[in-house]
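Per TrEMBL, these features apply:
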DOMAIN    5-197  domain 'Glutamine amidotransferase'
ACT_SITE  CYS80  active site, for GATase activity
BINDING   CYS80  L-glutamine binding site
ACT_SITE  HIS191  active site, for GATase activity
ACT_SITE  GLU193  active site, for GATase activity
REGION    211-232  region 'Disordered'
ACT_SITE  ASP242  active site
REGION    257-279  region 'Disordered'
BINDING   GLY345, ASN487  substrate binding site
ACT_SITE  ASP418  active site
Amino acid sequence: MGLFLLDYGAGNVRSLANTLERLGYEFQWISSADDFANATRLIFPGVGAFKSAIVHLQERGLLEPLKQYIASGRPYLGICIGMQVLFQSSQENPDVAGLGIIPADIGEFDHSSKAVPHMGWNAAEPVEQADASDRLVDPNAHYYFVHSFRATYDPTNAPAPAQWAHTTTQYGQEVFISSVRKDNVFATQFHPEKSGEAGLRLIQAWVQRSDAQLTSAHPSPRSPRSPRPRHGLTKRIIACMDVRANDDGDLVVTKGDQYDVREKAPPPPSSSSSHDALQTTTAGAVRNLGKPVALAARYYASGADELCLLNITSFRHSPLRDQPMLALVRAAAARVFVPLTIGGGIKDTVDPDGTPRPALEVAAAYFRAGADKVSVGSEAVYAVERLRASGKERGDGTSAIETIAAAYGRQAVVVSVDPKRVYVGDAKAYEGPYRDELVLGREGSSEEGKAWWYQCTVSGGREARDLSVVQLAQGAEALGAGEILLNSIDRDGTGLGFDLDLIRLVKKAVRIPVVASSGAGSTAHFTEVFRETDVEAALAAGIFHREEVKISEVKQAMVDAGLETRTLFE
Ligand code: 1PR
């Protein structure tokens with residue numbers, strides 16, 4: 001079988017390649033127009049911007065051959081941008097034309113009442129009356145979406161694109177086309193290669209079916225779908241691994257208490273419950289909670305919706321020289337089929353021989369290794385400081401956030417924030433610049449009568465900056481970040497629960513999704529953060545590493561609390 005992948009040079013095609021390898025399929029890359037002649041099945045995965053996909057195809061002379069391939073009737077699977085390019089145009093880049101196979105335009109999600117991008121796991125409901133054996137998309141599963149633009153599903157006013165709809169999905173009060181299927185064309189707005197076992201099943205079914213089985217029957221009439229009161233986007237649970245070299249130079253998963261990752265006390269009794277958890281027991285040594293790839297595989301198997309690997313000491317040197325970290329990302333990406341965020345050291349650096357290494361190049365190395373998103377920490381603080389000093393609303397296009405978002409799309413850029421509380425004494429007497437951001441301790445709590453603001457830090461909390469968390473979050477959003485990973489130095493490793501005041505403050509300040517992090521100590525802390533704030537995801541580290549709480553237990557508690565949740569049996 002001539003299975004080919006079309007790579008347009010942006011985004012993480014490694015994920016799809018890993019998926020096909022895991023399923024045992026051989027494939028080749030389309031590297032020139034001539035390769036289309038040998039293709040009997042073609043997959044076009046895409047992330048990033050509509051324009052960059054079209055322009056890359058044009059520049060490499062692949063646009064016309066792609067159109068001809070599709071017109072020839074051979075099977076085509078498009079993913080995300082690989083679906084959007086089938087349309088006439090996109091509001092994202094109105095100056096470029098799409099392939100025009102589907103007679104409609106892609107528009108932008110309405111930001112006014114929900115976070116955009118639409119990021120996370122959502123359901124895909126079939127619109128055709130096909131029998132189950134003909135379906136490629138499982139109506140009982142959730143799939144991973146990440147996009148800001150969508151094709152509206154509206155059979156009454158736009159019947160032509162609706163005829164293509166295979167499934168629809170609801171985000172906020174908008175119903176959009178989440179997969180299309182007609183003749184030899186099948187394409188998904190979601191990422192099956194990042195959708196866990198459900199996604200693997202979908203790709204396997206598409207590759208295995210014969211051409212005749214893949215060709216859809218004559219389309220049936222489409223009925224309108226009214227939005228339901230609640231959409232199906234689930235609350236995400238993220239397992240985070242802070243990675244650094246231990247004193248022997250091996251990369252290990254470590255975990256701090258308020259960012260201090262060294263053993264303090266005399267050795268604890270040997271209470272390790274996992275063969276992965278190799279507790280180092282020497283006071284002063286870097287805490288060792290296990291091997292990164294083994295832990296990543298364990299979290300994937302137990303239902304984590306996303307994984308995060310932070311190289312917590314990479315601010316000290318150039319990550320491009322850090323080959324063990326890149327090897328680790330490659331190995332993890334080959335074993336986990338949910339989104340992977342990689343952070344640490346994403347900034348402009350200079351090699352010892354004087355060669356400049358822009359942040360974009362560092363990020364590109366992580367994407368090539370298998371990252372789906374990169375997380376920018378210290379560098380985001382400096383970029384927002386520069387933006388504020390310039391007095392302008394927009395950056396000059398040179399920051400790490402801007403350059404990476406321009407090349408890979410804003411959904412690929414997470415800004416990791418490390419704030420710390422600064423207590424100010426009497427709130428009424430406070431005359432500093434953060435008056436509007438002061439949080440007052442709640443009545444009846446141990447903090448009643450206290451007031452504080454949240455100060456940003458860099459270099460893993462080592463240096464405090466003259467910038468508040470609200471200023472940082474808003475500045476990062478203005479520069480083009482797609483998500484905020486909101487840590488709390490005060491709560492990190494304490495098990496006291498998420499800092500709800502901090503989360504509410506930041507959530508109110510931005511429209512992009514926010515991930516609550518730091519302090520989870522029980523399943524109740526997850527249900528609490530989702531009920532008490534409208535945060536999109538919650539992240540934990542220590543309790544998962546030490547197996548005090550399992551991800552499956554968190555998911556069960558969420559189901560019991562009536563929260564939209566992706567469960568493991570999918
Ligand atoms: O500044 O771009 O090089 O990025 C460095 C990254 O490393 C930042 O994302 C920063 O948050 C992280 N980092 C740096 N030093 C530490 C440290 O611990 N000494 N870890 C560190 C941050 C916080 C979370 C943690 C949650 C949940 N770790 O990642 O996983 O607090 O923990 P819990 O559930 O156990 O409470 P750059």
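Counting begins at 1 with the first residue displayed.
Using N, Cα and C of the backbone, Cβ positions are placed for all residues, glycine too.
Just so you know, TrEMBL annotations are computer predictions that nobody has curated.
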Intrachain residues whose Cβ lies under 8 Å of the region 'Disordered' (211-232), provided they are six or more past its termini: 74-75, 122-123, 125, 127-130, 134, 142, 153-156, 159, 162-166, 168-175, 181-184, 186, 564
Integer Cα-Cα distance in angstrom, ASP418 (active site) to ASN487 (substrate binding site): 5
Neighbourhood of ligand 1 - recorded positions from GLU193, ASP242, GLY345, ASP418, ASN487 with Cβ under 6 Å: ASP242, GLY345, ASP418, ASN487
Cα-to-Cα gap, HIS191 (active site, for GATase activity) vs CYS80 (active site, for GATase activity), nearest whole Å: 7
Cα proximity to GLY345 (substrate binding site), best match among active-site residues CYS80, GLU193, ASP242: ASP242
Same-chain residues at least 6 apart in sequence whose Cβ lies under 8 Å from ASP242 (active site): VAL253, THR254, LYS255, GLY256, VAL261, LEU310, ILE312, ALA541
DSSP three-state assignment for HIS191 (active site, for GATase activity): strand
Cα distance (Å, whole number) from CYS80 (active site, for GATase activity) to GLU193 (active site, for GATase activity): 11
The region 'Disordered' (211-232) - residue tally per DSSP class, helix then strand then coil: 4 helix, 0 strand, 18 coil
Distance [Cα-Cα, Å, rounded] between CYS80 (active site, for GATase activity) and ASN487 (substrate binding site): 30
Cβ neighbours within the same chain of ASN487 (substrate binding site) - under 8 Å, at least six residues apart: SER416, VAL417, ASP418, PRO419, SER517, SER518
Mean per-residue pLDDT computed across the domain 'Glutamine amidotransferase' (5-197): 92
